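> Structure provided below as structure tokens; questions to follow.
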Amino acid sequence: MEKRTNYCGELNETHIDQHVVLHGWVQKRRDLGGLIFIDLRDREGIVQVVFNPEFSKEALEIADSVRNEFVVTIKGKVHARGEKAINEKLATGKVEILAEEITILNTSKTPPFYIEDGVNVSDELRLKYRYLDLRRPEMNNIFKMRHTVTRTFRNKLDALGFFDIETPYLTKSTPEGARDYLVPSRVYPGNFYALPQSPQILKQLLMTAGFDKYYQIVRCFRDEDLRGDRQPEFTQIDLETSFLTKEKIQAITEDMLIDVVKEAKGITIEKPFPRMTYKEAMDRFGSDKPDIRFGLELQNVSEVVKDVDFKVFQSAIENGGEVKAINAKAAAANFSRKDLDALGIFVSNYGAKGLAWLKVEAGELKGPIAKFFPEEKALELKAALKAEDGDLLLFAADKADIVAASLGALRNKLGKDLNLINEDELAFLWVTDWPLFEYDEEAGRYVSAHHPFTLPKEEDIPLLETDSSKVMAEAYDIVLNGYEIGGGSLRIYKKEVQESMFRALGFTDESAKEQFGFLMDALEYGTPPHGGIALGLDRIVMILAGRNNLRDTIAFPKTGSAVDPLTNAPGEVSDAQLDELKLQITKKELN
């Protein structure tokens, strides 16, 4: 096989009159009055190849037998297209190849879908034939970008003196939030390894070991309910440092992300990134990962409406809740009564009992609850919300967390529905000053807001033993366009603080030792102050590539039900394998 001289997509006017050898796939073949045209595709793009009997009758005869997705080698000469033949849609559109030889390296069955961008095909079929789906230029470009992003992270961290150190995939199951993927041990029947949800504890032990600056581009595994921006296995840019403040860790993170965006998108991002406390984010946006590319901020109107004779508002306030509103400027005409009823159903999915609304018309409030607002109170409400003619006012009244969840989700929906979001903008945001614990309604207790190794604010450490719900954390999340792309914190590095943390989480001293004894031992051997962050590589690429689903950024992903249609994983194993592992399936659910 002759060595390739160029990739198809690299050819341009500077190559005119050069002889080239190209390898690739037949994207399209056209027979036009004795001439055959082939669009030849490789990972860098497409170039047109012309087969003319005046140049090679033999090549023309072979070209007549090729079909889409045949793999071929073509030798020929780069030629300038005529002015009327230029194809502005192709990067190579000003040139073509005059074919001298063609060799068919392999044939292809007719693919189950066209290998081209914009093809209308189900996700299930795309994943079943993922190797064909990945041939499409738009998919190919995503993985070029992923390579660029990964390379840029590596180069930056290397330049900053970080060591790339691998941590094991077969480790101990510890309670970190989601369910573990378990791997049975053949050598120790009845015992299991766990695939890591993150390298959290191990990277902290690397700080105890004195490596000072660690990073790893690492695969993580979580057996949790899936959604569009989650997969059971995913990749993190994981880093940890000793003796640095959280501000310095944030600065390093900003520098990395600025370099990544510049390399991947050619866009310059200013620093420092804006910062917002967790409380402010929840108050203003109803979300701990707010999209700050548009307004529609939540406004607390409890003081304004506490005296109005509307029982929904009164009851919420009397029971310790609140009333908040969104002013959708100039949007009243966009929503009929039916549309507003649909919004009420939408917020009910987030726990809200309903959605009250008002429109401002000719200076007056109009709508089902307008009668509860006498003139003076109506003026007060309009002033509080800066409401003008044409505005749509939307209200939720309930416990603070339900109001935040429902209006926060509604805000995001309205931002999209009203076309308020600049899709080309990249809006980074730090969310800081997190509570150390959050209440889990299902479990009926407080759990770690991040993980059990997060350092409490120094002044709050005594509260671990008395009122843990009030403890604040040295934690920081980074958000991009409404997605959490990373979470970090300073870590607990003293044994007595870690013991208090475990007690606050409901561990007995015995259970803490059983689960985390190796970490507790390490904390007795001079562990330095340390902290770090983990960034979601798949999610970062998803946003930069303008996609809506993590599946598009992972070469061989799972479906929303954690199934791989390509390999049919997960699958059954033989009785012999189960016997080797001393395992027995006690119940099999039939679908």
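Residue numbers in this text run from 1 along the chain shown.
Just so you know, glycine gets a Cβ as well, placed from its N, Cα and C.
Quick paste from Swiss-Prot:
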- GLU176, ARG222, HIS450, ARG491: L-aspartate binding site (BINDING)
- 200-203: region 'Aspartate' (REGION)
- ARG222, ASP223, GLU224, GLN231, GLU484, GLY536, LEU537, ASP538, ARG539: ATP binding site (BINDING)
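Help me see these features in their spatial surroundings.
In the three-state DSSP assignment, the secondary structure recorded for HIS450 (L-aspartate binding site) is coil. Taking a C-beta cut-off of under 8 angstroms and a sequence separation of 6 or more, HIS450 (L-aspartate binding site) has the following same-chain neighbours: TRP434, ALA473, ALA475, GLY487, SER489.
Break the region 'Aspartate' (200-203) down by DSSP state and the numbers are 4 helix, 0 strand, 0 coil.
Every protein chain considered, the tally of other Cβ atoms within 10 Å of the Cβ of ARG539 (ATP binding site) stands at 22.
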> Measure from the Cβ of LEU537 (ATP binding site) and count the other Cβ atoms within 10 Å, all protein chains considered.
25
> List the Cα distance (Å, whole number) between ARG491 (L-aspartate binding site) and LEU537 (ATP binding site).
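Just about 22 Å between their Cα atoms.
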> The record names ARG222, ASP223, GLU224, GLN231, GLU484, GLY536, LEU537, ASP538, ARG539 as the residues that bind ATP; what is their largest Cα to Cα distance in Å?
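Max span of the ATP binding residues, Cα based, is 19 Å.
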